[in-house]
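First comes the structure, then the notes that go with it.
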């Protein structure tokens, strides 16, 4: 029998964070996996998966490369490059989403109009007003104006545009730079290398990419490396995970496998976003290594805190810079919850994502304060974040007890990840319309809400220490 697989569809390839399916159906939890050979895997899964997956980048990636070559050739004036960036991005949006691209363009134009109006009339509170306008637009469209299936398909680009507009408004408020001209804003918002899959980049990084930079071997190798990692992740998600981990009749191993499959689908999108960004000339502090995600730090975690950081570094940077720091005067716990709430709103009105993100907010806070307290009490390197070299702790990471403690918390993080990621299944109707509260609770109830009980026990232990 052929291996269980699902050919990725175009709608799968948009979200920069959480919404690519794991390719497995609910019924596979408690039934025996079919027997299939490596040849079956190659013919029935790897080949169609790579064929359709590469098709997702068949237009976008060459467009990004041509855009970079035009900049390198220095044949257009600076305003012309901004216009080309916007036009290329809009064309690629239409290629991916056809008529639904009008929702993305409408949202972008609405946000830009609000930003320019506030700058002209009020000249302050640009960030607050633009943030409220963007979130209101997203919520109203999702709840009242657009059908769930259509809105769900374009949610990823909408989120990237919202992050760009809000960060631009807040940076102007803080005096980092003056509000750019309209053509510059259009080029930034619709930038061909970041408008489809992301990642979020600040306006200053976009503006720096407009300057003619080197198109050399290093640039080519960086693009090739990201491209290769992207499609390796896709094959793990769709094919290798279920073939290497055939745990059909064991609940928790199957949950781990399905959650891992989902995580690798996220790495696929993250590395693909890095591919298109680097191909179009985006750098970070002059480096081509954007490091959008780090699978090593997620799959072999030290803590959930580090998982959150390395899951999507660009979004983590955005949330830390524009939400957490602004709300930190309210207290760390409140700031963390508001940060995860902001992330949830950016993703849209979705109980599943809200439940996962708010659970992560509570989990990471409790883990951080507990391990911080234990590190102080035992004078050991057992905090949620790795200690700096030559820290003042008496017991270092190579001490057996310290190593064992960190290993325990790492395994606990893997347990939580399996629990939180298990609900991202491949049911077509759920993919198209989003996941409901009943779906989320039914998935967690199958696992006896074990992760939440463990989190509660962790909290009680923290109070007793």
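Every residue, even glycine, has its Cβ placed from backbone N, Cα and C.
TrEMBL lists 53-71 (among others) with the feature transmembrane segment.
Taken from TrEMBL, the feature transmembrane segment covers 80-97 (among others).
According to TrEMBL, the feature transmembrane segment maps to 128-146 (among others). Counting only same-chain residues 6+ beyond the ends of the transmembrane segment (128-146), those with a CB under 8 A from a CB of the stretch are 103, 107, 110-111, 114-115, 118, 122, 158, 162, 165-166, 169-170, 345-346, 348-349.
For the transmembrane segment (182-202), same-chain residues at least 6 beyond its ends with a Cβ under 8 Å from one of its own Cβ atoms are 13-14, 16, 60, 63-64, 67, 79, 81-90, 92-93, 96, 108, 111-112, 115-116, 156-157, 160-161, 163-165, 167-168, 171, 209-210, 269-270, 272-274, 276-282, 284, 290, 292, 312, 314-315, 317-318. Sequence annotations record features per position, and here TrEMBL assigns transmembrane segment to 182-202 (among others).
Under the heading transmembrane segment, TrEMBL lists 222-245 (among others).
Here TrEMBL flags 349-366 (among others) as transmembrane segment. Counting only same-chain residues 6+ beyond the ends of the transmembrane segment (349-366), those with a CB under 8 A from a CB of the stretch are 18, 139, 142-143, 303-305, 308, 332-333, 336-337, 339-341, 343, 384, 416, 420, 423, 434-437, 439-440, 451-452, 455, 458-459, 462.
Sequence annotations record features per position, and here TrEMBL assigns transmembrane segment to 403-427 (among others).
Long-range neighbours of the transmembrane segment (447-464) within the same chain, counting only residues 6 or more positions beyond its ends whose Cβ lies under 8 Å from a Cβ of the stretch, are 251-252, 255, 359, 362-363, 366-367, 369-370, 373, 412, 415-416, 419-420, 422. Under the heading transmembrane segment, TrEMBL lists 447-464 (among others).
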